[in-house]
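Have a look at the structure below, then the notes.
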Amino acid sequence: MKPLIGLYEEGTHNVVDIPHCKAHHPNINAAVELLRQGITKLNIEPFDEDEGTGELRYVQMALTTYNTSIPASERYKNGKVQVSLVWNSRNENSHNFEKLNALANFLWRNGGPRSDLRFIHSVWANFQTSTNNIIFGNRWRHLLGESGFWEHVGGIDMSLAPSSFGQANTRAFDILLRKLQKYVPYGASVTDLYAGAGAIGLSLAATRKCRSVKCVEVNKESKLSFEKTVERLPNHVDSSISWHHADASDEPLSWLMGSEVVVVDPPRKGLDASLLDALRNISSLERKAKSSPESSDSKVKDEKRPWVLRSLKDSVQIGSKPTLEDSGSLPQTLIYISCGWESFKEDCMTLLSSKKWRLQKAHGFNFFPGTQSIEVLAVFKRGEAASLKKKKSGKKKKRLGRKHPSI
C-alpha cells in the first residue's frame with residue numbers, strides 16, 4: 001500500500017498526502033518522495049493511531065540554506081534537508097531498530113553527499129511510544145550526516161537541533177526580525193519569553209547592543225542550541241545574556257522585572273492567562289515592586305519553590321549579571337509575535353481594554369504562502385492612546401479684521 005506523507009486535515013488526524021507541495025522547498029518535496037520509496041522498499045509499517053501499531057509515526061523535515069562555500073544568491077536553491085524519523089519504540093534496543101537503521105541508510109545512500117542528488121543534510125531518530133498527541137519523545141539519536149544544523153537569520157548564525165522549535169520559512173522570519181529590531185532602542189534591557197533557542201533575543205543582543213538579554217523557554221532541549229549560537233556571536237557583543245529553563249506562566253512578574261522591552265512569541269493559543277494578567281496590571285505591580293524592601297539577592301538565597309530552583313540550575317549566564325539599579329522597573333515596550341490570529345485578537349483587546357497599553361504599530365507577514373495564516377508583529381507601548389480631540393490651550397484666539405478706533 002502506498003504510504004501517505006503530508007499534513008493533517010484541519011481539525012482531524014487524517015493525513016492528506018502532499019507529494020508536490022508548492023509551499024515547500026523543492027528539496028523537501030524530493031526528500032518526501034525518497035522517504036516514500038524507502039518505506040515501500042523496506043516494508044516499513046506506517047503507524048496506525050487507532051490501533052497503536054506500526055513503526056514510523058511521524059517525520060519532520062527542516063531545510064537549511066546555510067552554506068558559506070557558495071554565493072549567497074545560490075544558497076536557497078541548494079538547501080539541504082534534515083530528516084527526523086519518529087520511531088514507535090522506546091530506544092535503540094528495540095527489536096525493529098535495524099529497520100530504522102536501514103531506512104536511514106537508504107536516505108543517505110540515495111540523497112546524501114555521495115549520491116547524484118545530494119540534498120540530505122542529516123538523518124535523526126526520535127523514539128516515541130506515548131499514546132497522546134505529543135509528536136516527539138525525550139530520546140534522540142543522531143544517525144547520519146552533520147550534527148550541526150545552522151541558519152543565518154536576524155544578523156546571527158543560529159544553531160537549531162531537531163528537538164528545538166524553528167521557523168520553517170527562514171527568509172520571511174529574517175525579514176520579520178529586521179523589522180522587529182527597529183523597535184528596540186540601542187542599549188536596552190530585553191526579556192524574550194517563549195524564547196526557544198533564543199533566535200530573537202540573541203539577534204537583538206548582536207544588532208541593538210542590548211545591555212542585557214534574558215531568554216525564557218520551557219523546552220529544555222533548546223538549551224544546547226542556545227549555547228552553540230552564543231559561541232558564534234560577533235566579537236563586539238558584550239551584553240549580559242542568559243537563558244532560563246522555565247515556564248513563562250509561572251510568576252511572570254519575576255521575568256518582567258528589570259526589563260525595558262519584553263518580546264513574546266507564544267504558541268498558537270496565545271499568551272498564558274497569568275502572563276496576560278500581569279501585563280494588564282503592570283502599573284500596580286510596578287508600584288508594589290518598587291516599594292518592596294527585600295533585595296533580589298536575599299530572594300534568591302531564601303528561594304524554596306521547585307520551579308525556580310530548577311530554572312536557576314538549568315540556566316546559562318554569558319557575561320556579567322545585569323546590575324540591580326533598574327530591578328524594580330517593568331517594561332515600557334511589549335513586542336508581540338503571533339502565529340494565531342484569533343488568539344492575538346483576544347489578547348490585543350485585553351491589553352487595550354486595560355488602558356495600560358496602546359498599540360503603536362502592527363505588521364503582517366506571509367510565512368505560509370497559499371494559506372490564510374499570517375504572522376503578526378505588533379508593538380505596544382505603556383499608557384493610553386492619545387485622544388484625537390485637540391485639547392484647549394487656554395489661550396485666546398486673535399480675531400482677524402480691522403480694529404475700530406476708539407471714539
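Using the three backbone atoms N, Cα and C, a Cβ is placed for every residue, glycine included.
The feature active site, nucleophile is assigned by TrEMBL to C339. Sequence-distant contacts of C339 (active site, nucleophile), defined by Cβ-Cβ distance under 8 angstroms and a gap of at least six in the same chain, are P267, R268, F367, S373, E375.
If you look up TrEMBL, you'll see Q167, Y194, E217, D265 marked as S-adenosyl-L-methionine binding site.
Taken from TrEMBL, the feature compositional bias 'Basic residues' applies to 388-407.
For 386-407, the entry in TrEMBL reads region 'Disordered'.
Neighbouring residues of the recorded S-adenosyl-L-methionine site, listed in sequence order and excluding Q167, Y194, E217, D265, comprise F165, D192, A195, G196, A199, I200, P266, I337 (Cβ within 8 Å of the Cβ centroid). Put simply, the two farthest-apart Cα atoms among Q167, Y194, E217, D265, the recorded binders of S-adenosyl-L-methionine, are 16 Å from each other.
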